[in-house]
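Q: Sharing a structure here in structure tokens format.
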Amino acid sequence: MRYFTILAAVLAVFAATPIAAHDPADQPRWSIAIHGGAGTMDRDKMTEQQQAAYKAALQSALDAGIAVLEEGGTAMDAVKAAIIPMEDDPKFNAGKGAVYTWEGVNELDAALMDGASRKAGAITGVRRVKNPILLAEAVMRDGRHVFLSGEGAEEFAADAGIELVEPAWFETEHRRKALERMKAEKLTALDVDHKFGTVGAVVLDTHGNLAAGTSTGGLTGKRWGRIGDAPIIGAGTYADNRSCAVSATGAGEYFIRVGVAQEICTRLRLTGQMALDDFGVSDADSQAARVGLTGEIIQSVADAVMAEVKDLGGDGGVIIVSPEGEAIFSFNTQGMYRGRAASDGLNEVAIFDDE
């Protein structure tokens, strides 16, 4: 029902809006959005220094992606450039700051997808890969497979020249204490992980291509080889030049059940096609990219999908970039570490839901 309500609104917008290609004077344009996780973020429990530190880390990651885009670089390279600093920052649950499994080790997941070709690479359960997003890229570029796991993924990493480190490199005291507290107080992962520190980036480059990437350490105390949504193409990560690029963060089991990332992209693509078909426009796929959907419509679609996650009992958030360069956030938590920038001068980072 939510979808048809949104579609009716879209048709009304299209009826009032002339169908026309972008003015070439608007080119080139780029847009980027990042996240460092969503969850329970009580402003009263975060000092001003802590808030400033997180915002500085987000700005640093955002700036790394911007630097690539301002030089005319690709969306894929900008996604990697933004994610790597967050993988190396122990404040985030990815790479260096990854949480511990029940057995007391760090197991890392990542995915990367190219919206132009819809090629993708993903890895899960690696313990020695310094920057998992680079291994996801290597899997994608190799092209023989999409998803590798565990020791096999690490063997592939060694063959591909991806930097490997000793497991001790990922150790952090605050993550170790979180696991100890979980076991001592018989808590669930959600009791400990008030914030889902997964990191991600979505990008539109000046060539008109989209890309999405996500990297995570998963849930504190995860067992039995648990895999969340982040490395699953279509659940936590998805990109398609015809619709959007999405990276998600949250309670992964629910994002998998809804297929959040691809669901958002598919709804946007079909919404654009149905609206154009209704007005007799041919070649809907290519026209949809030129006409574009407004930020308001994209926000409505994203919020509707996130409402489905909430209806099932899950929480978290998504970041989205469209072919038009709209950078959108949608989350059903108290906050989400996030940032976005665009060639029109937009540049902001935020934490709480009222920012």
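A Cβ is built for glycine as well, from the same backbone N, Cα and C atoms used for every other residue.
TrEMBL feature annotations, pasted as is:
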- 1-21: signal peptide (SIGNAL)
- Thr198: active site, nucleophile (ACT_SITE)
- Arg226, Ile227, Gly228, Asp229, Thr249, Gly250, Ala251, Gly252: substrate binding site (BINDING)
Q: Using C-alpha atoms only, work out the spacing between Arg226 (substrate binding site) and the residue listed as 'active site, nucleophile' and round it to an integer in Å.
A: 15
Q: Pop the Cα-Cα gap between the residue listed as 'active site, nucleophile' and Ala251 (substrate binding site) into the table, whole Å please.
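A: Rounded to the nearest whole number, the Cα-Cα distance is 10 Å.
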Q: Expressed to the nearest Å, what is the distance separating Asp229 (substrate binding site) and Thr198 (active site, nucleophile) at their Cα atoms?
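A: Roughly 10 Å, rounded to the nearest whole number.
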Q: DSSP on Thr249 (substrate binding site), three-state: which is it?
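A: For Thr249 (substrate binding site) - judged by DSSP and reduced to three states - the answer is strand.
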Q: If you measure from the Cα of the residue listed as 'active site, nucleophile', which of the binding-site residues Ile227, Gly228, Thr249, Gly250, Gly252 is the nearest?
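A: Its closest listed neighbour, by Cα, is Thr249.
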Q: Please list residues from the chain of Gly228 (substrate binding site) whose Cβ is under 8 angstroms from its Cβ, counting only those at least six apart in sequence.
A: Asp109, Thr198, Thr216, Gly218, Leu219, Gly236, Gly252, Glu253, Phe255, Ile256
Q: Cβ distance under 8 Å to Ile227 (substrate binding site), same chain, sequence separation 6 or more: which residues?
A: Asp109, Thr124, Gly125, Gly218, Gly252
Q: Inside 10 Å of the Cβ of Gly250 (substrate binding site), count up the other Cβ atoms and send me the figure.
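A: Within a 10 Å radius of the Cβ of Gly250 (substrate binding site) lie 28 other Cβ atoms.
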